[in-house]
Amino acid sequence: MFPRRLLPASLIVLGVLFGASAQASPAHGQAFGKPAQAAQASRSIEVVLGDMYFKPRAIEVKAGETVRFVLKNEGKLLHEFNLGDAAMHAEHQKEMLEMQQSGMLTPTGMASMDHSQMGHGMADMDHGRMMKHDDPNSVLVEPGKSAELTWTFTKATRLEFACNIPGHYQAGMVGQLTVQP
């Protein structure tokens, strides 16, 4: 039998993860753009991720432009590069907090979880598929590592690029991204 005290937490985690995986499908873009292949990029922008800062702090692109972001984590902590508006970041921060509280997100990376301890029936589920950080507008970068995100911006708007790992956005790890017409 599934312990009663674990049921509410498990249902919340499953709801967040199923919702996130539906939104994370590569076929799904955002209102402001969509993922692209690096070969389609008209230019590359290097972004340094430090402990609680981005360099540069502001980026300008043009509507219709495809940009390859080359991300270098020079900090000692795991960081995220996520494109979106303030409301999107606030929502994603809730998901990241769930991941941290579940033990999946550590200060320096993603941990694997032993779901066999979660109760009857849970061990047979494909948790590896469910618990992923794979939104197309976001990438996690471990300390000392590099990653890339290529994006086509489809309309003029004001966005942010941010790290939504719990506490990082609040500590100032957010930059302005302006999409010019």
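Every residue, even glycine, has its Cβ placed from backbone N, Cα and C.
On a predicted model such as this, the values are computed, not experimentally measured, just so you know.
Features of the protein shown, as given by Swiss-Prot:
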type    : residues                      : note
BINDING : His79, Cys163, His168, Met173 : Cu(2+) binding site
SIGNAL  : 1-24                          : signal peptide
**Fill in**
Excluding its own, the Cβ atoms lying within 10 Å of the Cβ of His168 (Cu(2+) binding site) add up to 23
**Request:** Count, for each of the binding-site residues Cys163, Met173, the other C-beta atoms lying within 10 angstroms of its own C-beta, and report the residue with the smallest count.
**Result:** Met173
**Request:** Would you mind listing, in sequence order, the residues at least six apart from His79 (Cu(2+) binding site) in the same chain with a Cβ closer than 8 Å to its Cβ?
**Result:** Leu49, Asp51, Asn73, Leu140, Val141, Cys163, Ile165, His168, Met173
**Request:** List the other residues in this chain whose Cβ sits within 8 Å of the Cβ centroid of the Cu(2+) site residues His79, Cys163, His168, Met173, in sequence order.
**Result:** Leu49, Met52, Phe54, Leu77, Glu80, Ala162, Asn164, Ile165, Tyr169, Ala171, Val174
**Asked** Under DSSP, is His79 (Cu(2+) binding site) helix, strand or coil?
**Response** strand
